[in-house]
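Participant: The structure's right below; bear with me while I get my questions together.
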Amino acid sequence: MKCATLFLVLSMVVLMAEPGDAFFHHIFRGIVHVGKSIHKLVTGGKAQQDQQDQQYQQDQQDQQAEQYQRFNRERAAFD
């Protein structure tokens with residue numbers, strides 16, 4: 001859906017520019033800028049999700065270590 005919208009918008013921009021305006025380098029730079037912005041949005045979201053996943057895994061490991069230590073203390077108290 002995003003790609004279709006992007007394609008239609010960029011097509012409109014290209015079709016609206018007249019060849020006599022010598023405007024193509026501006027269009028090309030705009031397309032490159034939009035592409036980079038989309039790339040940042042896509043990879044930025046992935047990086048944030050990876051960071052959240054890593055934090056979740058660390059929290060799980062900490063919780064398991066705490067439970068293991070608590071179990072060992074209780075076991076030592078009964079011995």
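Cβ atoms are placed via backbone N, Cα and C, with glycine included.
As annotated in Swiss-Prot:
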| type | residues | note |
| --- | --- | --- |
| MOD_RES | Gly44 | glycine amide |
| REGION | 48-67 | region 'Disordered' |
| SIGNAL | 1-22 | signal peptide |
Participant: Who are the chain neighbours of the region 'Disordered' (48-67) in space, where the CB to CB distance is under 8 Å and they lie at least 6 residues beyond its ends?
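Facilitator: Counting only partners 6 or more residues beyond its ends, the region 'Disordered' (48-67) has no Cβ contacts under 8 Å, so none.
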Participant: Going by DSSP, how much of the region 'Disordered' (48-67) is helix, how much is strand and how much is coil, in residues?
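Facilitator: The counts are 20 helix, 0 strand, 0 coil.
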Participant: Sort Gly44 (glycine amide) into helix, strand or coil using the DSSP assignment.
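Facilitator: Going by the DSSP assignment, Gly44 (glycine amide) falls within a helical segment, counted as helix.
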Participant: Any same-chain residues 6+ apart from Gly44 (glycine amide) with CB under 8 Å of its CB? Would you list them in sequence order, or say none?
Facilitator: none
